[in-house]
Structure formats: structure tokens, C-alpha cells
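The domain 'Cytochrome b/b6 N-terminal region profile' annotation in TrEMBL covers A:17-243. Under the heading region 'Disordered', TrEMBL lists A:519-541. Residues annotated as transmembrane segment in TrEMBL: A:45-69, A:113-134, A:146-166, A:178-199, A:211-236, A:265-286, A:331-355, A:375-394, A:414-435.
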Amino acid sequence: MSTVTDTKRKAPAGERVADWADGRLGIYGLAKANMRKIFPDHWSFMLGEICLYSFIIIILTGVYLTLFFDPSMSEVVYHGSYEPMQGIQMSAAYASTLDISFDIRGGLLVRQIHHWAAVIFLAGMFVHMFRVFFTGAYRKPREINWLFGFLLFVLGMFTGFTGYSLPDDLLSGTGVRFTQGAILSMPIVGTYISMFMFGGEFPGTDIIPRFYSVHILLLPGIMLGLVVAHLILVFFHKHTQFAGPGKTNKNVVGMPLLPVYMAKAGGFFFLVFGFIAAIAAIATINPIWGIGPYRPDQVSTGAQPDWYMGFAEGFVRVMPGWEINLWGHTLVLGVLIPLVLFGVVLGALALYPFIESWITGDKREHHILDKPRNAPTRTALGVAWVTIYFVMLIGGGNDIWATHFHLSLNAISWFVRIAFFAGPVLAFIVTRRICLGLQRRDKEKVLHGRESGTIKRLPHGEFVEIHEPLGPEARYALTAHEQYEPLEVGPTVDENGVERKPSALQKLRARLSRSYYGEGNQIPKPTAEEYKEITSGHGHH
Amino acid sequence: MKKLSARRRHPLAAVVVLLLALAATGGLYAAFAPAGKAQADDTAQSLAIDEGKKLYSVGCASCHGTGGQGTTDGPSLVGVGSAAVDFQVGTGRMPAQQPGAQVPKKPVIYDQAQIDQLAAYVASLGAGPITPTESQVDPSGADVAKGGELFRTNCAQCHNFTGKGGALTDGKYAPNLEGVSPKHIYEAMQTGPQAMPSFPDSTMPEQEKKDIIAYIKTVNGDETASPGGLSLGGLGPVSEGLFGWIFGLGGLIAIAVWVAAHTAKAKKS
């Protein structure tokens, strides 16, 4: 008898599927906890999304490419459809990349999407990282996530490098040779690492298959794990927000994940995918068919790595070719120093949050972002770092700048050498002054209002510009930031009158702290009393 | 026969025989040698040299010396050959505008007839590479793939993979080979202008030069296909990186700003 079940209301199909899944996965609990998760709205918070989506695009297109790519260095003679390579001896890896480009449906487009997405992924991570840096979003509790992000950037560089090397073309082969040179410059272990990596002398027949495993499995696997951990931490810490009325260190003001951000993020994914696909359809990237197969006896001018390795290239290009010969061993400083600087420059970025919190002694949680101008020393340090980075990118492309701006290659190298030392100092000073100037302007705006552009002539002949007072919301946003006191070494005599000698480290820390928050290094923000005094008095000032 | 025999000891007999012999050789030469043409060529050649010398005195002598012997401002032209003149003047490099790291390509000042006259004069100063004929530089039927291999081995380290050019030391450079005529490419290889090494036929036979010309024409000519879209100058990762940053990431940030500006609000303010 089926009457019992018939009389019972039958739930809609969707609900039944959801019930089924909840019984096994507990999705209702997850949804309840996360569906109303709030995200604040600002375009710069979407930079990370650009990275995430381009990473997904890279994985999707990469899977397609693995179906046709042959990671082998066995020698073949080309008989495909690209005329200028007919009958040329090359590795199977290079030949299969030519096949992907010319003989496999959609192969060239997918290759170009893959490569453009990688270029954009790294550029996106760079910009995202500096958004986080300049707004102080890496402060407690997000230091670990800063490190995860940093690792993603560095691993992205190496994943990109191994991928760029896979086609075994003349350009990437030169890059692999460059890397081998850098490895060889390491004292004592260099030769062993090189022999281990290449399975013997350069180039051997092992490096492409090895890079293949690293490029499609090892590094992307680690990166995927880090991406997930990065996102879990973003969820766990909740998103930071800019100061504004109603926004505190204890809340997040914005829109819920469902439906608003699901729709926006989902839509944005397709926008990113579509845009990168359009770029890939418009512009060539890495035209390996014109570059030729790798042969150790050939080389071309204009041999650069992709942009994210360009600063390492710059260090090597502008470094004088110093070397020390002792007891039959050569220490190639001309390559070793660049290799060390490569690590130091990146390492400084990774460690900065910890250095800053040590200097300032600030161990509190921060969920409200700083405006870059309100942290002049940090902002100036960041700009100094970026200056070094971009100066070295100029060094890495010195030959291209030379031919296209009709300059001497040597002059550019000298410019880069000098700018490596002078550039960051200059950038630091200029940036700090700009920040302090902007702080003064903020103060001016709060106290006297916005310059309206209307000029009024007073009865006695004086001209004044009318200032429009800011609304309370704008005034709040301009004065919400905290201003810190520099750390002091403390009294040199303790409460019992015993002389206390501060350690050198303590003194250094106090000095550095003064350089962050000391007099002249931040403009005291207007107080409520100042504001009242001005507004209660006469009309203008 | 008696008369002839009787006068064979005549004092003028030797003179007569000499005259006859001269007349015979002259007559035979006139009959068999392409006399008219040879004579005309001869005069044309000497005429060209004369005309070339005049042009040389006006346009070149101030740097290269009145007899092509060279000065502190310009090298000796003895033995550079007509191919060098045809290249240097034919691409507008000579006469040079000003001293500098390298003499650049300019609009050509002389017409081809004048260039040939200059070349004839300079060639008359001493033997050197000769201007190639049309068939010598014709790349049709040459092996493009072989040319590519030769190009990557011998040329790419200065001229880039596909001949887009590259930088050398102290403001010198290897120029872009796009649009350079096969004859001038051939002459450049033959004579090695400015910073370029020369590749005479003894190290690079004529056929290999043709292969290289064919390769350049295929990968860096007017009809070069760019299957991947815009070539971005064919300069490699520097221009790709700039394009990726400015148009790739720049475009995506513009989209992000647009998306963020269209947020879900109960009321649009």
C-alpha cells in the first residue's frame, strides 16, 4: 500500500539532494557558519582574486598541455608543418611544443593562455603583496599568511622558470645554462649540486624530464596546498578593512559571502578567464618556433628570463666580473654575490613583518588597515625595496633598453650599479616626505575643510578662498588611525637608585622606533579640542 | 716563287715579315675577340673610375683621404672592394653624418649608377670583394631550415633569433635585419661592415649565404606570418613582461575596479 507515502508532502528535488548531502557531509553546519561570512568591498581586495583565478586557469590549461607535451630530450628530426624547421634535429620536447603550436587543435591558444596567465599570476601576486605591505595588513594575526603568500610568490617564480624551460628552446636553454652557472658559483657544493641536478655534465638528457616532474607535480602541488591554507587563514582571520565610521577592530563591514560575493567572485573568475584568453588570442608569447631548438653551441642576444626572474638577471648583468683564484679553486664573485643578493632581497621581504613588530614593540591584533601615508617609514621602506627591484629589472633588460632608447649598454649598466645604492635611499627620503606632506594635508582638511575653489572678496579688499567643512564621516576616516609613541630605552637608574645599563640592542631598537614614530616622523593628527577651537571661532582662518 | 726567293735577303725583308705578322695577329684578334664590346667596356670602366673619382673627391675624400689611403677620421679603402662600397653607400651609412659609436643607416644619397661609379673607383685602388650579381643573392630555392641553423650559429648572438637586432658595447649595435635587401645582407656577410665580422666565401660558401638570406626573409620579412598574434617586436620576455604588466594586469585591475564599483546596495547613492 502506497497511500502513506503519497499523502506525505514530497520535498523538491534540490532540497532532497541537499538533505542527502547533509546527512553525509554536514553541509548545513558549514553553510550556516560561512554563508553569512562578511567581506568588505574595495577594488584592491580583489587583487588576490586575480591571482587565485589565474592560478586556476594555469592549472586547467596546463592539464591540456600535458596531454600533448613529450618531456624527453631524445633527438628527433622535425617533419611537422612549420616550414622553417623542416629537417632540423631537435629534442622531442621541442618538437612536441612545435606540434602543440601548429598541429594540435587549439594548442597554440592554450599554450599562450597558460603562459600569459603565468605572467599575470606573478604580476598579480607582486601587486597583491604590496597592497598588503603598504596597508600594514601583514600585522598580527596575519604574519603567517604573509609568509604563505611570500612562499607562493617565490614558488611561483620557480614554477614559472621550470615551465619556461620545458620546451627546450634556445632561449630557455640559455636560461637553464644561466642557472647552472649560478649553482656552480656556490663554493664547495656547487659542482656537486650541478652534477646531481643534471645527472652529469650540462646539459645531459635528464634535466627536461626532471623539470617536468617539478613543474607539473611537485611545485604546483605545494602551491595548491599553500593556496588552500592561505584562503583558510583569510576566512579564519576575517578580512581587514579600511578605517571608516562603524568599522572597528572587532567587526567587518561589508556584504555576505552568499549571495553577493559568490556572484561577484564567480563572475570575476569568468571575467579574468575571458580577459586572459583575449590577451592570448591577441598577442604572441614565447614564439618558440622562431627561437629554435637548444644547442649548447648557440646563443642569441636579448636572452632574458620571464619578468619575475628579471631582477636576478639584472644582478648578474651589472655585477663586475670579479673572481678570486686561490689554491687551484675559483670563487666566482661575479655570480656568487648576485646569487646571495637574490636571496637577501627576497628574504628581507619575508621577514619584514617580524622586524617591524620587534622595532615598534606592537604585539596587538590589527584588523583596520593603515593608509600608506600614516606609516611613512614603512611606506618609504617598501618603495625603496620596489625601487631596487625595478632598477634591477632595467639591468636585466639592459640590451633592449640600449637598442630602443639609443643608449650605450655600458652607460645603462653603470646607471643600474649607481642606482642600486642611491636609488633606494633617494626613494626612501622622497616617499617619506610625500607621506608627511599628505598627513599635513589631511590635518589641514580636517581642521579647515576642503578647498572649494570659490574665491571671495572681503569688504576691506582681502581675497579668501572658501573652505567647505568635511562631513563627519570623512573627518572620522581621516583621524581614525592610531599614532604610536616611540619605544624608550627607559630610565638609566631603576627605582632603587641602581644604575641600569641598557644593552646595545635595546638602544638600537629605541633608535629605530624613533625613526618610525619619533618627532618629525609623523604629523600629530588633529585633536577634537583643536577642531572645536577652530570651528567655534570665526568663519575662516 | 723565284722572285720571292731572290728577295729573301733584302734588307727590308725582316720589316715586311714583321709587318705581316703584326697585321695577321691584329687581324685575327680583331676577327675573333669581341673587339667592339671589349673596347666599349674598357672605356666605360675607365669612365666609371673617372666619374667615381670625381664623386669620391667631393663626398668621401675628406675622411678617407684623397687617394683612399685613409685618415684619422676614416679607414683606408684600399682593398675593401666594390661590395663594401655598394653596402655602405647603398644603405645610406656612407657618407657618414657625424662621428659616433656606430654609423647608422640613413636615406640613400646617391643613385645606383653613382654608387656603381664610386665602387668602381674604390675597387680600382686594390682588389677586394666584388658586388654580387642578382643570381648570387637570389634566395629562391634555398634551404630555409639550414639557413636558420646557420643564422643561430653565426648571427643570432648579435642580431637576435630572428634578426630583430641587439645591443653591443658602448652604444654600438647589431641592426634589425627587417627590410634589408638580399644584396646588402650578402655584402654585409662578405665584407663585415663596422663591428660585424666578415664571412668570406672560404668560411661561408655562397649557398650558405643564400640559405641565411632565405631564412631572414622568412622569419623577419614583410610576409612573415605571426601565428600567435601580435609579435610584440619579437624581442622576447622583456616586451612580453611589459605587455603582461601594462595590458594584462592593468586590464584586470581596471575590471576589478569596475566590479568593486558595482556593488550590491539596497539603494544606489
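Backbone N, Cα and C define each Cβ position, glycine as well.
If you look at the transmembrane segment (A:331-355) against the transmembrane segment (A:45-69), you find fewer than three C-beta pairs under 8 angstroms, all six or more positions apart, and that falls short of contact. Residues 46, 49-50, 53-54, 56-57, 109, 111-113, 115-117, 119-120, 164, 167, 169, 171 of the same chain lie 6 or more positions beyond the ends of the transmembrane segment (A:265-286) yet place their CB under 8 Å from a CB of it. Highest Cβ pair count under 8 Å relative to the transmembrane segment (A:211-236), across stretches A:45-69, A:113-134, A:146-166, A:178-199, A:375-394: A:146-166. Taken as a whole, the domain 'Cytochrome b/b6 N-terminal region profile' (A:17-243) shows an average pLDDT of 94 in this prediction.
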